[in-house]
Every structure is written in structure tokens, then in C-alpha cells.
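**Student:** First, the structure itself, so that you have it in front of you.
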Amino acid sequence: MAGGDDLKLLGMWASPFVLRVKLALSLKGLSYEYVEEDLGNKSEVLLSSNPVHKSVPVLIHNGKPICESSVILQYIDEAFASTGPSLLPADPYERAIARFWAAYIDNQMIAASTKASRGKTEEERAEGKKQSLAAVENLEGALRDCGKGKPFFGGDSVGFVDVVLGGLLGWVRANEELQGTNPFDPDRTPLLAAWAERLWSLEAVEPVMPDVSRLVEFGKMLQARQAAAAAGDGN
């Protein structure tokens, strides 16, 4: 991998937002030091690097911290423009469209999925599932329109939206076992289903993807913790 710059990534192994940054760094061929954070006992480096949110991921480049996954991805693309493939298109309009869909994934798809899995009532969870399905169907259309029949949102190569959505793939696979659902169903969203398999199998992607069985166990622990908290609220 390319070197020459001091890059350090503060992360947590199960975070889909951290995975986005790992994917971008791998696709760019950049070497970096990875530091696993204990989010129950956050390091002074994390707290001082991200004093506003106190969360991961944080990329530290030559001593300067950059926070928030989508911001980090754009920074990597600009700071290392001459290294590896570009994540964002050169055309301003296409770049704006890519940013729109990346924001849609965060603001609509993830929010709906969170409501579907963590809603306090059955009605709230059902509404979240309905919103999640609608969001995925919109992304199916976006892949068709942005990719123009090519393999990725970025066209022939992986782009910004591919990385943003790709960060979720580990949990997509884990939730098949945890919840019995697959948002990228081959019958309902065939383009996204094929895209997910295609992206995961890339040489630069597969090595940084999380162990799905480990995610499943982590997910079961979170479910148990949520159930215990709900039982406590009911007393």
C-alpha cells in the first residue's frame, strides 16, 4: 500500500461508519495505523480528537483529526487525489448527485432501519420497516440511474455512494440471521442484490469486511441489552 503520510484511524470493529473509512483507504491503497477504541472507556486521543461527538471514526492525518465518516471519505479523496481511484466524480453535477444519495442513506435508510429494529412499540417498528423498504427501493432506482447499467453507483469502478452503502453490508448479512430480513432481496431489488455480492468480492474490499458471525453474536448481545432495558422501563 502507498505510504509517505502519517495516517491513523480510530475505530470500533463493528461500526459500519468505521468500515466506510477502511474501505476508502483500502480502495485508495493507503497504509494506515488502526487503533481499536473501547467505546465504554474512550481514550484521551479520541476525546481530544473529536470533542464534539466523542465518537468514531476519526482519521488523524499528520496529527490533524478529521471526523464524521462522509466528511472523512471526501477528505481522503481530495487529500490523496493522485493516489488510487477517485471516489467522487469529476463532473460537478454528478458529484452533487453522489452526495445527495450518500446523505439519503444516512438520513433516510439508516434512520428507518434503526426504527424498524429498535422502535419502542410494535407500531413504530412496523412503520420503520415500511420506511426502510421504501428507502431501499429508491436506492435500487438510484443504482439503475447513477450506474447507467454499469456494475457500481460510481459506474465501472467503486465510487462515493458504493463506499457509503458498502459500509452497511456486514450488518445487512448479520441481520439476515438476527431478524430474518434481507433489505437487498434478489426478487425485490435485483440490482442491489447483485451489487452487494459484486462489491464484497472485490480484492480491495473483502479483506476489510467484518466477520459476519462475530457481528451476529454482537447483535445478539445488543438485543439482550435492549430487552433488559425495556423490561426495566416497564417496572
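Glycine is no exception: its Cβ is also placed from the backbone N, Cα and C atoms.
TrEMBL annotations: computationally assigned, not manually curated.
According to TrEMBL, the protein has these features:
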type: DOMAIN; residues: 5-84; note: domain 'GST N-terminal'
type: DOMAIN; residues: 91-230; note: domain 'GST C-terminal'
**Student:** Could you tell me the mean pLDDT over the domain 'GST C-terminal' (91-230), as a whole number?
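**Tutor:** Summarising the domain 'GST C-terminal' (91-230) by its mean pLDDT gives 94.
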**Student:** Is it possible to list how many residues within the domain 'GST C-terminal' (91-230) are helical, extended or coil according to DSSP?
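**Tutor:** With helix first, then strand, then coil, the domain 'GST C-terminal' (91-230) has 104 helix, 2 strand, 34 coil.
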